[in-house]
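Input: a single structure, listed below in structure tokens.
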Amino acid sequence: MKASDLLIATAVGAPLAMLLACLSPAIRKRMPTLLGFAPIPALAAALLADGTPLMFGNAQFEFSFAMDKPGAILLTVAAILWIAAGAYATTWLRNTDNAGGLVVCWLMTLTGCVGVFLAADIVGFYFLLAVLSVGASGLVLQGGTLKALRASAVYLGVALLAEAFLLAGLVMLALVMPHGSLLIRDAAAAISTSPWRDLTLGLLVVGLGIKAGLVPLHFWMPLAYDAAPIPASAVMSGAVVKASALALIRFLPFDAALPDFGLPLAAIGFFGAFYGVAIGVTQSEPKVVLAYSSVSQMGFLVAVIGMGLAVGNADAALAASFYAAHHLLAKGALFLAVGVVATTGRHRLWLVLLPAAVLALGIGGLPLTGGALAKLAVKPVLGDGLAGLLADLSAIGTTMLMFHFLSRLAASTASIPSTSAPVGFALPWLLMFVAAIAVPWKSYPLTGIGIGSYAFQPEILWAASWPILIGIVPMLVLWRWGRHLPQMPEGDLMTVGERAMRKVITWGYGLERAEGLLRRWPVATLMLLALAVFLGRMLIDWR
Amino acid sequence: MSPSLSAQNLTTLGGLLLVLAILVPFAGMLIGFVFGGGNAQRVALATLAAGLAIAIAIANALAQSGKAVVYILGGWMPPLGVALRADGLSVVMLLTVAVVICGIGVYARADFGTPSGVKEARAPLIFWLLLLAVWGSLNLVFVSGDLFTLYVALELLTFAAVPLVSLDGRTETVRSALRYLLYALLGSVLYLLGAVLLYGAYGTLDIPLLAARVRPEPAAWAALALMIAGLLAKTALFPLHLWLPPAHAGAPAAASAVLSGLVIKGSWFLAMRLWFDVFADVVTLPAAQTLAALGAAAILVGNVVALRQTRLKLLIAYSTVAQIGYLFLMFPLATGLATAGLDSAMAVNGGMLQAISHATAKAAMFMAAGLVYTTLGHDRVADLRGVASALPMTVLAFALAGASLIGLPPSGGFLAKWLLISVAITTAQWWWALVMLVGGLLTSVYVFIVVVRTLAPAHVGWNPKTTVPRYQQAAVLALALCSFLLGAAVLCPVDVTQIGRTVSRNTVLP
């Protein structure tokens, strides 16, 4: 086995082995202290592994894992986030007596997350995505409240719905793959030439779009990120949700221009980008505001992917990966910041709030931050037309939302002014802050999108600055009159969904009664005879 | 007689194993009956081990030779004599049943041990004897080579299964048992009627001979319709399921596992055998669509009604109603492939995988429900708090079995779904794919509800009513794992189910 194979195998194998070790209660008890170490092999693999795939199985069926460029970019930053959040979780779990549930779900989600980033065949990808979804819904459940139970149920339900679409799409894809190959790298080409191209693409895009939190099926996001424990929200909003973006990047055929798919996808994405901001500013809970920012950012990311697909821009894959990587770091860090602030008194607040402000405004594209680089990376994909304008507008909206977040964050300090956050919270947060600033700068030239010094040119600085400056205006308006905004329920459209759900339950009652009728003797006996006759009739008719 | 037919009428190496597979369980039953009391259990457990070994030996013989295993009783050629045949489909079912029965046997030691100080107790004695009888009759269903022996096997199966429902002797369970018996008898009558028609028209009941002789004509149509309808009644395909929920939910857990996991598969297997191997030239796509339409209705109604149940065992019983539906989706898919001149193996494999994964998963689920009942003293779904801390392995098993029913990878349910959806798309019958996907979502709802309810912490000071032995939990988990890891069947180097199929699969004209 080559070194590269070994790296990839341990990246997935280490968390999986730890997960299986949890079957022993004694090891499970010690596991919380090890959470931060589980993703280290993944980080090593992301930095060192080369492109050769790791295969295992036999001639009938082979699982394969491989590192491609988008995967390497995202796995690097995801591993950093998992390490920091894992360390944070270790401290967090010290105060709880029942750590087992969270540890198991954590490792399951980590296995799924690393696995999905590395999976190179369709079946393995679907399998690990299911592991990821089930694990993540378990993480939400660990909030332990009734709200968490509801959020977890919604999360799992939506995830399985998405996976149903995905399964149909993947099966259609597998049927047209050349030589029965199941490798994802053959997928894009196979889709382009498939007789069911439109349906396959539609199913894949809908399935992955739901998992990416596209409006109107985004409501699971604010519910889940609010109800989950802080470290879980950090990895979910950062790393877990990127799995679907990465899958879109890998499956969609960027070689051929497909405006029929790309443009609607971009339109839905942009709509989500603004919708997230609009609902986000009505929220008061910092975690919920962040969640709506995720709805908005994922919308924007999908819009970038959609535009790339529409014009057949092969660079879109890398640009979108880079954007996703920055969002992963920044959003993960901000969720940790919420936890740090909640345990910090007023006296030391600025120590957290200032770096948090840099990261938050970075998401809006603050010059010299990683966010500015991310915006720069996707600019060629969006172009200067309507999409470029919408991107600027969305930057304005994001800035406004982030100011709102910061003000809500400042109001959520610990009640005793002199408290300071435990080191076990502060250090992971610091690590994430440094990573969110440094990693994009370090990796920007490596990805080959452009060179870093370009970002210092005055016109580029100005292009990144004006949306921020404009964003201040609505923010001031919001602070002055924001009280008058209608309060949207958290998970907005979910309330509609729940009403529909109650309808279904009533139908269920009707169905139950009808079923009771069918189980009466006279009815059942008649049915049996009628069926025999009907079957006979069906056998005759055809020829 | 064509040369291919005569080749099917030679006893092959290992053919005697088929006789053993039938004889050993029945012999065990008789010996257990003679010695009685606690000995019945000992004999039964020894027989289980022997039977498992025989099933494995048969599978080995099949894999080695690459041909069906055949035994001609007394050297008399059909149609005069009786042949036992085990092709790939039969062997896979033989193995599954052996594994599940062994799992149930281990589990039942705790529930049906003869109490110390008592010489003989009715329920344990009857349970062990009937367990062997069910097994013997199922094996007979799988290896019989002619339709009359199959009729006898089906009757044996019904008469062995019905008393399992009312082992506790309560009026309520006796009522459900009678309900089951009466409806199953109606089914038998229809089946027998069909068999008689066939004998009148073609002068044989031997499967390969019959398959060569049947033509699409009124006698065949009527016979097939009657036989299939009768078998559907015994399988409890919606809307012919009136007997299933009370019978399966009212029986003791180990018996429910036998009934829900295995017994219904007997009549389903026979329906499949008739459809694909005997009447391959007679069946039509519209008739197959009718079966699948009932299956689809079963999936939707069964799952929704399962959701509304307040008792765990009833919930699982309705889940069986739904899962039976999946077993019938393969009919139009396989027929569709055959009509298009393609190999129907993919659809048949999908259906078989569904049956196997349901057999293992449902047995595990019912046994898990039994453990929950022992621990809590009730099985109200609304109040399962504390179960996860008292029975961690059982809850894990329930979740894994649930994942298989939902069709999450790497379970057998997933692989089955993948194959069936693939065929649905290839044969342009996408609506069956839709039904499967919706059914999976509905299933996930009740699995989630049950698992989450068990995770809730117990009331302070609550203690389990009875402590459950570890090996019972282990047996449940082992069966659930079988189902959950069945997706690994994709790695199987040869297409086992298709070995020695008696009828070439491309005979249906377009």
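Just so it is clear, glycine is given a Cβ too, placed from its N, Cα and C backbone atoms.
Here TrEMBL flags A:6-27 (among others) as transmembrane segment.
Using a Cβ-Cβ cut-off under 8 Å and counting only residues 6 or more beyond its ends in the same chain, the transmembrane segment (A:34-52) has close neighbours at 2-5, 7-8, 10-15, 18, 66-68, 71-72, 75-76, 78-80, 82-84, 86-87, 89-90, 103, 106-107, 110, 114, 118, 428. Summarising the annotation, TrEMBL assigns transmembrane segment to A:34-52 (among others).
Non-local neighbours of the transmembrane segment (A:72-93) in the same chain are 11, 32-33, 35-40, 42-43, 45-47, 49, 99, 102-103, 106, 110, 113-114, 117-118, 229-232, 234-235, 238-239, 242, 246, 318, 321-322, 324-325, 328-329, 332-333, 336, 339, 422, 424-425, 427-429, 431-432, 435, 439, 443, 447; each lies 6+ residues outside the stretch with a CB under 8 Å from one of its CB atoms. Sequence annotations record features per position, and here TrEMBL assigns transmembrane segment to A:72-93 (among others).
Annotation comment: TrEMBL describes A:100-119 (among others) as transmembrane segment.
Under the heading domain 'NADH:quinone oxidoreductase/Mrp antiporter transmembrane', TrEMBL lists A:119-344.
The feature transmembrane segment is assigned by TrEMBL to A:125-141 (among others).
The annotation transmembrane segment is assigned in TrEMBL to A:153-179 (among others). Same-chain neighbours of the transmembrane segment (A:153-179): 122, 125-126, 129-130, 133-134, 136-137, 140, 186-187, 189-191, 193-196, 199-204, 206-208, 210-211, 217, 219-220, 223-224, 244, 251, 491, 494, counting only residues six or more beyond its ends whose CB sits under 8 Å from a CB of the stretch.
Listed as Cβ neighbours of the transmembrane segment (A:227-249) (distance under 8 Å, sequence separation of 6 or more from its ends, same chain) are residues 70-71, 74, 78, 81-82, 84-86, 88-89, 92, 102, 105-106, 109-110, 112-113, 116-117, 125, 129, 132, 136, 139-140, 142-143, 145, 147-148, 150-152, 162, 204-205, 208-209, 211-213, 221, 287, 290-291, 294, 298, 301-302, 305, 317, 320-321, 324, 327-329, 331-333, 335-336, 338-339. TrEMBL lists A:227-249 (among others) with the feature transmembrane segment.
According to TrEMBL, the feature transmembrane segment maps to A:261-282 (among others). Sequence-distant neighbours of the transmembrane segment (A:261-282) (same chain, 6+ residues past either end, Cβ-Cβ under 8 Å): 198, 201-202, 205, 209, 213-215, 218, 288-289, 292-311, 387, 390, 393-394, 397-398, 400-401, 404-405, 478, 482, 485-488, 492.
Using a Cβ-Cβ cut-off under 8 Å and counting only residues 6 or more beyond its ends in the same chain, the transmembrane segment (A:289-311) has close neighbours at 209, 212-215, 218, 221-222, 224-226, 233, 237, 241, 245, 248-249, 252-254, 257-259, 261-277, 279-281, 283, 317, 319-320, 323-324, 327, 331, 334-335, 338, 363, 378, 381-383, 387, 390-391, 394, 397-398, 401-402, 404-405, 408. As annotated by TrEMBL, transmembrane segment applies to A:289-311 (among others).
Per TrEMBL, transmembrane segment is recorded for A:323-342 (among others).
Counting same-chain residues at least six beyond the ends of the transmembrane segment (A:419-440), those with a Cβ under 8 angstroms from any Cβ of the stretch are 36, 76-77, 80-81, 83-85, 87-88, 90-92, 94, 322, 325-326, 329-330, 332-333, 336-337, 339-341, 343-345, 348, 352, 355, 358-359, 362, 369-371, 373-374. Taken from TrEMBL, the feature transmembrane segment applies to A:419-440 (among others).
The transmembrane segment feature in TrEMBL is assigned to A:521-540 (among others).
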